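Chemist: Sharing a structure here in structure tokens format.
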Amino acid sequence: MSIMLSKIAKFQSFDETLDAFERMERVFEGRSFGIEEFNVLLRAFCTQREMKEARSVFVKFHDRFKPNTKTMNVLLLGFKESGDISAMELFYHEMTRRGFKPTSFTYSVRIDAYCKKGCFSDALRIFEEMQKAGFPPTLEVFTTLIHGAGIVRNVLKARELFDEMRERNLQPDVGAYNALISTFIKCRELKPAITLMEEMEENHLAIDNVTYHTLFVGSMNSSGIEGVYELYQKMIDRKFVPKARTSVMLMKFFCVNGRVDLGIELWGYLMENGHCPHGHALDILVTGLCSRGKLEEALNCCMQFVEKGMRLSDSVYRMLRKFLEQSADKADEWKELNRMIKKLEGFLPPSKGHAIGNLSIE
């Protein structure tokens, strides 16, 4: 029911969504719709950030379905996701006047909303309210606040919150470490961030792609190619395979800084570990290789890419053809690449922006 209503709310009108809800009530014979089904309907609009419609539904069915705390939290979360803090707070105070009691989740939603908007002092105020109401802060709340401290570049408060977690016998997880690492990087404090990564290893926490990506960004801004290469080597030694976003960023950084050799090394590492690099990574690498006259390496990378069942971009294909027109000794490799592209077209029909194979150099 939740899946269906969410799709209808996304692609159809407000009235059609309400009509679908009423038809579902008729279809489910023997089941009387209550507050749980009503909450599902509200969530469908909130998921699409259609808060005007969600509020209209709430007013329309308020007398029929008696709202509960979950109803309030669903709507509060919807206002938070829509980015309208004023509407969220107005709704919150309206609900408390109606007699609803906030839950730990209610406070968490409000804290997250203020943190994301950069209103860190307001988030701390609600954090204090939460504790006075008798709700002990969770690991997720601390992590949210640390992220909030990072947004306003308050590294001292972020560190204080991180230490407070341990004082409350809450063991920081990967998300909490990543939040503090991100705060250090935003404040251009690379050494403490790397120390935290080492601490994660000592505590047997798995370093994930968010950790590496954040540290690579910090290294690029603070220590240049030497710092990035040192972190890159640590990543390789740990046999960690970065995700597409990180690999594309590394490929661009290597090629822009004249280290195409590292770009080829990264390409080979990804292939060896069964990960086909993203098309943008190939575009960047082939551009760097061709501009340095390394046509054989560029052709090999393209062949490996097509062999994995991936489509070459038209821009890379045209660039290769332009450079190969000046190099007759690569005619056989060029024909082989075109043969592979043609073969792939038998399974994947041509699409805009992708290369169409040609068995001759004109």
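Quick reminder: no glycine exception, Cβ is built from N, Cα and C everywhere.
A quick note: this is a predicted structure, and the numbers were derived from the prediction, not measured.
The repeat 'PPR' annotation in TrEMBL covers 68-102, 103-137, 138-172, 173-207. As annotated by TrEMBL, domain 'PROP1-like PPR' applies to 116-255.
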Chemist: So how many of the residues in the repeat 'PPR' (173-207) end up helix, strand or coil by DSSP?
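Modeler: Output for the repeat 'PPR' (173-207) reads 26 helix, 0 strand, 9 coil.
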Chemist: Which residues, given as numbers and ranges, are at least 6 beyond the ends of the repeat 'PPR' (68-102) yet have a Cβ under 8 Å from it?
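Modeler: Long-range Cβ neighbours of the repeat 'PPR' (68-102): 35, 38-39, 42-43, 45-47, 49, 51, 54-55, 58, 109-110, 112-114, 116-117, 119, 133.
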Chemist: On the 0 to 100 scale, where does the mean pLDDT of the domain 'PROP1-like PPR' (116-255) fall?
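Modeler: Across the residues of the domain 'PROP1-like PPR' (116-255) the model's pLDDT averages 95 on the 0 to 100 scale.
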